[in-house]
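What TrEMBL annotates here:
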type	residues	note
TRANSMEM	30-52	transmembrane segment
DOMAIN	30-438	domain 'Ammonium transporter AmtB-like'
TRANSMEM	59-81	transmembrane segment
TRANSMEM	121-141	transmembrane segment
TRANSMEM	148-169	transmembrane segment
TRANSMEM	181-204	transmembrane segment
TRANSMEM	216-235	transmembrane segment
TRANSMEM	247-267	transmembrane segment
TRANSMEM	279-297	transmembrane segment
TRANSMEM	303-324	transmembrane segment
TRANSMEM	336-358	transmembrane segment
TRANSMEM	387-412	transmembrane segment
Amino acid sequence: MSASSYGFPIPSSLLPSDASPEWNNKADNAWQLTAATLVGLQSVPGLVILYGSMVKRKWAVNSAFMALYAFACVLICWVSWAHGMAFGTELMPFVGKPNHALSGKFLLAKSSAGYFPMADFVFYQFAFAAITVVLLAGSLLGRMNFYAWMLFVPLWLTFSYTVGAFSIWDKYGFLEGKIIDYAGGFVIHLSSGIAGFTAAYWVGPRISYDRQNFPPNNIIHVLGGAGFLWMGWTGFNGGATFRVGEIASLAIFNTHLCTATSLLVWLTLDMIVYTKSSVIGAVQGMITGLVCITPGAGLVDSWAAVLMGVLSGSIPWYTMMVLHKKSAFFQSVDDTLGVFHTHAVAGLLGGLLSGVFAKPKLLRIMYNDDEYGPGLIYSFSKGFRQIWYQLLGAGFIIVWNVVVTSLVCVLISHIVDLRMQEEELEVGDDAAHGEEAYALWGDGERIRVPLRLHISPTIPSLCRRSFSIPLTV
């Protein structure tokens, strides 16, 4: 089609072509690829750095590697069968048929979610699935057998995550059109928090000394990883609308507003109760703000985002800093990084508050129908019904994740040990991977020579220089 066909001059760069069909909106396409990349950066390097820094030094490599492995493994599983189960043809009311997402015809066709290629949607949803599994790992750091983790990732993705995503987000899901979950408060955060806590029960606790003394090995890097997580949430919530428009802009603005409020509230409570401001506490408050705003980011007014930030900085603070320490139930399960509080509690809170504050106009713009909401403050009768649906969705996610995660852990325990051996737990990274995060002179550590120095050269004439490197110092 030529520029003259439109009746007015059109820049040639905007004209349809074989590389950009008429249905392809270049702005939406560019933003969706950017948003997906930002979500991916939250996991790699974001959570890789955060996990590797937030744990004890002897667990830095193992913790970071769990996140890196999960990211790669989820991608292969996602395009091989899991995307079809989460967003494909209905198999049952809560899951789709397993199917690959690899054919050029499928990936280059128009996405049902917007005016961009299906490849954008597949990659964006992969990044969501990957970060869910990586978040779950935060409950298991410092003792899970890595080989068990290698089996856990594809099994949990297949039988748990895909069910939540299909049920709430897919057009054939039995909860679609009922649950307000804009960008994954239930599908991602509630499920990762509940599944992480459940898996932590089955894996068992860290050794006693690690539970009592588990300082971060690098707080500056913790802040760096947290920064990737915070800024990456721009794509997490901004991309969930699948188009460039008012909802995306509002979602991004509300995300950062709620997060900053939550961080300051958590920090204030730390200063009042413990008389000191905690960097780790500030990061926890940041995370709970990000999680809480997620299910309603583009659907609530900014004043509501501030209020959600106040509640996300205080209620999870109470459950983590007060209730957790007093409750025998919470003490009996070793949730290493408190993922239950930062994701399950904050995700549930955000989902319920979205049912309270979701604005009718914004719901119509986002979903193009009147099935959702409105929030309780806009209509008592319809809002009360929406709160009931939110509770129903939360209940389904909680029960499904407890049951499926338990079954997955029991199955794996019959193949390999879920937990590392006691003597390995005393050592940490070196026992798990034969590698350590830091080689410090004068630290009493043995310094290994790289293995390649012991290998005979293939072409001896190129390697005649003699080496006199001590094996230990």
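All positions are counted from 1 along the displayed chain.
For all residues, glycine too, the Cβ spot is worked out from N, Cα and C.
Because TrEMBL annotations are produced automatically, they should be read as predictions rather than curated entries.
The transmembrane segment (279-297) makes no contact with the transmembrane segment (30-52), as judged by fewer than three Cβ pairs under 8 Å among residues 6 or more apart in sequence. Highest Cβ pair count under 8 Å relative to the transmembrane segment (59-81), across stretches 121-141, 247-267, 303-324: 121-141. Below 8 angstroms of C-beta separation, residues 34-39, 41-42, 45-57, 60, 252, 255-256, 259, 279-280, 283, 286-287, 290, 294, 437-438 of the same chain, each at least six residues beyond the ends of the transmembrane segment (216-235), sit close to that stretch. Most Cβ pairs within less than 8 Å of the transmembrane segment (387-412), among stretches 30-52, 148-169, 181-204, 303-324, belong to 181-204. With respect to Cβ pairs under 8 Å, the transmembrane segment (121-141) is most closely packed against 181-204, considering the stretches 30-52, 181-204, 303-324, 336-358. 336-358 is the stretch from 30-52, 303-324, 336-358 with the greatest number of Cβ pairs below 8 Å to the transmembrane segment (181-204).
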